[in-house]
Ligand SMILES: Cc1ncc(COP(=O)(O)O)c(C=O)c1O
């Protein structure tokens, strides 16, 4: 019997989505971004599904260590790099690659007495305004890193896009130009493109690409869904009706009584809530599939439950299946209803939700 709330993961879809990465970037090496528990899909399971990629990327040292302890031999880049000398020691011990983006990290590399060799990605801030060195300091930082005994030469050079999901924003072209100008004449492999770069900005492809969200079958663009881009969604989120009842005109539903019933209505309670990662700010009207048919969310999302209007599903009864996102209801659409991006929905699925791997008939 299925638990109340569970997510089904299609691992064949991960492989398919990787093939789409290769299709768009046939000459690039792939650094699969599997940080944040592989965007909520389960770190080790997704790493296994992607075992033949050239490298993995995670955000934190701990995530990399978890992969190494599980036996993965691929290169693993830590996108935030080390935050102190102790973490640098761990990087060396577990042979994890580090992004170097700050003077603090550079000074640690210059002064440490640790021994070993660390592969490094030097990060240029071309306009994201987050991690990375400014263009005007890049050359001097590059020279300093060149002299660090600990750093494997030549090291990689990378940047990250701020607005590649907006095809009408020329910021991406400016970022590409600044990157090219700044790294001209420097040796080392180059990397710029995230999913939106891979799918939308061919001119951003270099030696390495860094796909994240597209590997999970989700579109990085606000105006499309993964399927329209040839991707296959990996995650479906399901639950079931645990109560069905009639409410009358004038009755209110949920915390704060924010939804008032206008006519006699058949109401369903679905066992899913923000405690499972369903978005608290999903608005009334957000579609939910009950027995495969769309019904609207009514009232506020609670920790463990949501309420839906079952008027278009007159035969629905307790125990019937409900899908929060999946076939027929893209996660991208649910994200729009909740004023968020699909990244937050898949990443936000909590430990209470059982993750089940889809069984394919051979
Ligand atoms: C440095 C870096 N590269 C690549 C990615 C992957 O981005 P996306 O999931 O949009 O493909 C991320 C994700 O945030 C990132 O921080």
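Note: Cβ is positioned from N, Cα and C throughout, glycine not excepted.
Feature annotations, courtesy of TrEMBL:
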- 35: active site, proton acceptor (ACT_SITE)
- 35: N6-(pyridoxal phosphate)lysine (MOD_RES)
- 130, 303: substrate binding site (BINDING)
- 234-358: domain 'Alanine racemase C-terminal' (DOMAIN)
- 255: active site, proton acceptor (ACT_SITE)
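Here the features listed in TrEMBL are painted onto the structure.
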residue: 35; record: active site, proton acceptor; Cβ neighbours (10 Å): 19
residue: 130; record: substrate binding site; Cβ neighbours (10 Å): 10
residue: 255; record: active site, proton acceptor; Cβ neighbours (10 Å): 11
residue: 303; record: substrate binding site; Cβ neighbours (10 Å): 11
Nearest recorded site to residue 35 (active site, proton acceptor) by CA-CA distance, among recorded positions 130, 255, 303: 130
Local backbone state of residue 303 (substrate binding site), from DSSP in three classes: coil
The domain 'Alanine racemase C-terminal' (234-358) - residue tally per DSSP class, helix then strand then coil: 16 helix, 48 strand, 61 coil
Integer Å distance between the CA atoms belonging to residue 255 (active site, proton acceptor) and residue 303 (substrate binding site): 11
Stretch-averaged pLDDT - the domain 'Alanine racemase C-terminal' (234-358): 97
Distance [Cα-Cα, Å, rounded] between residue 255 (active site, proton acceptor) and residue 130 (substrate binding site): 38
DSSP state at residue 35 (active site, proton acceptor), helix/strand/coil: helix
